[in-house]
């Protein structure tokens, strides 16, 4: 398996001053990581990460290439600002902004067409877990993406398993739960492509205190980090735990 991938999702946070301080801390620590910053800060971040081990990502992308789509940002635009990765299907986009499985699939296809690597987020709610629907939910989410990107593109995806009930709650899934679900995701890909090439990240209340255990769990190839990615010392500690 390839080197573990650690991506920070800044969400709706940051300022010019805070961004500069945070990226400077990551540069000084010589961290190899991805930072997914809000759109307005992409130009600043592109300049700040130049010549470092830090790679740039965005938090969402339009399914459309261009045209009369007010407020949208295309994959080609992200590439011009140095992005290599883009998150698609984050649970907050699905729940708050109505991104359906099909929209997520089209966004992933749009990203791939422009040369971006999509970080495809999948995961279940607490109610779905309690009903025993974890695998059914993730199977549906993955299949919608596969239908849009095609089988040949599957090995190029990054998948982030984010149990919705563990995001921003301080409650992380147990290593056993993570191993079981990541194993299911790996098996799903194995039936369709070379699954060894697919990086499967865990996202959901990853902290310096639990990162090493989570990252040593079977089929965990890194993490998609939310709140802890905004604190330089915490994010550095998480990256080093990988």
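Glycine is no exception: its Cβ is also placed from the backbone N, Cα and C atoms.
In the three-state DSSP scheme, residue 226 (substrate binding site) falls into the coil class. Residue density at residue 226 (substrate binding site): 21 other Cβ atoms are found within 10 A of its Cβ, drawing on all protein chains shown. The substrate binding site feature in Swiss-Prot is assigned to 9, 10, 11, 168, 205, 226, 227; the stated evidence is sequence analysis.
Residue 90 (active site, electrophile) counts 27 other C-beta atoms within 10 Å of its own C-beta, drawing on all protein chains shown. Residues or ranges marked as active site, electrophile in Swiss-Prot: 90.
In three-state terms derived from DSSP, residue 162 (active site, proton acceptor) belongs to neither a helical nor a strand segment and is classed as coil. Annotated active site, proton acceptor per Swiss-Prot: 162, in sequence order.
In this structure, the C-alpha atom of residue 11 (substrate binding site) lies 10 angstrom from that of residue 90 (active site, electrophile).
Here substrate is bound by 9, 10, 11, 168, 205, 226, 227 per the record. The longest Cα to Cα distance in that group is 14 Å. Nearest neighbour of residue 162 (active site, proton acceptor) by Cα distance, taken over the recorded positions 9, 90, 168: 90. The 10 Å shell around the Cβ of residue 11 (substrate binding site) contains 18 further Cβ atoms across the protein chains shown. The binding-site residues in question are 168, 227, and the one with the fewest Cβ neighbours inside 10 Å is 168.
Comparing residue 227 (substrate binding site) with residue 90 (active site, electrophile), their Cα atoms are 14 Å apart once rounded.
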